Amino acid sequence: MRIQSLLLLGALLAVGSQLPAVFGRKKGEKWGGCPADDGPCLLSVPDQCVEDSQCPLTRKCCYRACFRQCVPRVSVKPGSCPQDQLRCLSPVNHQCHKDSDCSGKKRCCHSACGRDCRDPARG
């Protein structure tokens, strides 16, 4: 009975270590996404982190102002944003900044003239 318990525990640990890969996340990568980065580039600032595991609790290692830093993560809805093949002729105008700004299943996606709420691409 003891050997069976040890084998079961070993199998559970092996499967558990593969869960991030199965669900599309790297080991140490936290749930959620990075907030939109609309700030100007600060090229002389060194990265404050390289991966999520270096950030406290609910923060993720994200690009902000062209360098990586620990920032509060945002929720991300399922699906991917559709490709936009247009070029913008007017000033950039963001109608949203994160998925939670959009109703229902819509995602906050980059478009030719800024970000707006769109239905996820089918695929």
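For all residues, glycine too, the Cβ spot is worked out from N, Cα and C.
Reduced to three states, the DSSP call for Cys34 (disulfide bond) is coil. Swiss-Prot lists Cys34-Cys62 (among others) with the feature disulfide bond, giving sequence analysis as the kind of evidence.
Sequence-distant contacts of Cys66 (disulfide bond), defined by Cβ-Cβ distance under 8 angstroms and a gap of at least six in the same chain, are Cys41, Leu42, Leu43, Val45. Summarising the annotation, Swiss-Prot assigns disulfide bond to Cys41-Cys66 (among others).
In the three-state DSSP classification, Cys49 (disulfide bond) falls within coil. Non-local contacts of Cys49 (disulfide bond) by the CB criterion (under 8 A, 6+ apart in sequence, same chain) comprise Cys55, Cys61, Arg68, Gln69, Cys70. The disulfide bond feature in Swiss-Prot is assigned to Cys49-Cys61 (among others); the stated evidence is sequence analysis.
DSSP assigns Cys70 (disulfide bond) to a strand in the three-state reduction. Sequence annotations record features per position, and here Swiss-Prot assigns disulfide bond to Cys55-Cys70 (among others) based on sequence analysis.
For Cys81-Cys109 (among others), the entry in Swiss-Prot reads disulfide bond, with the evidence type sequence analysis. Shown in sequence order, Arg107, Cys109, His110, Arg118, Pro120, Ala121 are the residues of the chain, 6+ apart in sequence, with a C-beta less than 8 angstroms from the C-beta of Cys81 (disulfide bond).
Long-range Cβ proximity for Cys113 (disulfide bond), meaning a same-chain Cβ under 8 A and a gap of 6 or more residues, is found for Cys88, Ser90, Pro91, Val92, Asn93. Annotation source Swiss-Prot lists disulfide bond at Cys88-Cys113 (among others), citing sequence analysis.
Within its own chain, Cys108 (disulfide bond) has Ala36, Cys96, His97, Lys98, Asp99, Asp101, Cys102, Arg115, Asp116, Cys117 as residues 6 or more apart in sequence whose C-beta sits under 8 angstroms from its own. What Swiss-Prot lists as disulfide bond is Cys96-Cys108 (among others).
Taken residue by residue with DSSP, Cys117 (disulfide bond) is part of a strand. Its own atom aside, the Cβ of Cys117 (disulfide bond) has 16 Cβ atoms within 10 angstroms in the protein chains shown. Annotation source Swiss-Prot lists disulfide bond at Cys102-Cys117 (among others).
Taken from Swiss-Prot, the feature domain 'WAP 1' covers 27-73, and the record attributes it to sequence analysis.
According to Swiss-Prot, the domain 'WAP 2' annotation covers 74-121.
Marked as signal peptide by Swiss-Prot: 1-24.
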### Query
Can you tell which of Cys61, Cys70 has the most other C-beta atoms within 10 Å, given these are the disulfide-bonded residues?
Cys61
#### Entry: For Cys34 (disulfide bond), nearby residues of its own chain (Cβ under 8 Å, 6 or more apart in sequence)
Lys60, Cys62, Tyr63, Val71, Arg73, Val74
